[in-house]
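Peer 1: Below you'll find the structure I mean.
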Amino acid sequence: MSKTSMQMGLDFTLVAEVEELVAGVDEVGRGPLCGAVVTAAVILDPNRPILGLNDSKKLTEAKREKLYDEICEKALSWCIARAEVEEIDELNILHATMLAMQRAVAGLHIQPKLAMIDGNRCPKLPMRSEAVVKGDSKVPAIAAASILAKVSRDREMAAFELIYPGYGISGHKGYPTPVHLEALVRLGPTPIHRRSFAPVRQAYEALEGLVQV
């Protein structure tokens, strides 16, 4: 998937009746050693409530999958965006995350009056923005964004498991678990690993040392 590719959805039916459009924005994948950082922006429809929204990490996989479909169906507008591994290595993970959030908001077909961002800092956006610490547990639109981002990234990690067997990617989703770290040492890094992250950098250095010998 290219760095500019996005998934989008919208429902114009009730846009005119909503006076204050608020987008929730969240990210998944800052901590993993491999794969893109994925973001989502969601504008919920107040006339089509979605029950059970919560921080995606607090939901079961089955519940997230169900809510993913419901969010895509009922939200006024939504967009899933990303920053690729190459961008993470070039910019650093913080700036790459901010870039991916900007892409998610820019991909909305309806411009919100306010963007509520999970965390303690906001990307530069053309509308008013507000950072909300633990926002995915407090703001429904942010919770919805966290679900879209996590389901999308988890699906991608499951696909990578087939391409790069032996790393356990579908289980740890790229996070630096003992299983992942051991595989990184044993098998070496893959093209989807983030060179700027210390364990990956050390794995490359170890390989280079072996080649020199």
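Just so you know, glycine gets a Cβ as well, placed from its N, Cα and C.
Quantities reported herein were computed from a predicted structural model and do not represent experimental measurements.
Here Swiss-Prot flags 20-209 as domain 'RNase H type-2', drawing on sequence analysis. Taken from Swiss-Prot, the feature divalent metal cation binding site covers ASP26, GLU27, ASP118, and the record attributes it to sequence analysis.
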Peer 1: Please compare the binding-site residues ASP26, ASP118 by how many other CB atoms fall within 10 Å of each one's CB, and tell me which has the fewest.
Peer 2: ASP118
Peer 1: Take the Cβ of GLU27 (divalent metal cation binding site) and count every other Cβ within 10 Å, whichever protein chain it belongs to.
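Peer 2: By my count, 28.
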Peer 1: Going by DSSP, is GLU27 (divalent metal cation binding site) part of a helix, a strand, or coil?
Peer 2: strand
Peer 1: Around the recorded divalent metal cation site, report the further residues of that chain (criterion: Cβ within 8 Å of the mean position of the Cβ atoms of ASP26, GLU27, ASP118; site residues excluded), sequence-ordered.
Peer 2: VAL25, VAL28, THR39, ALA40, MET101, ILE117, GLY119, GLY135, ASP136, ILE142, ALA145, SER146, ALA149
Peer 1: Per-residue pLDDT averaged over the domain 'RNase H type-2' (20-209) comes to what?
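Peer 2: A mean pLDDT of 97 is what the predicted model shows over the domain 'RNase H type-2' (20-209).
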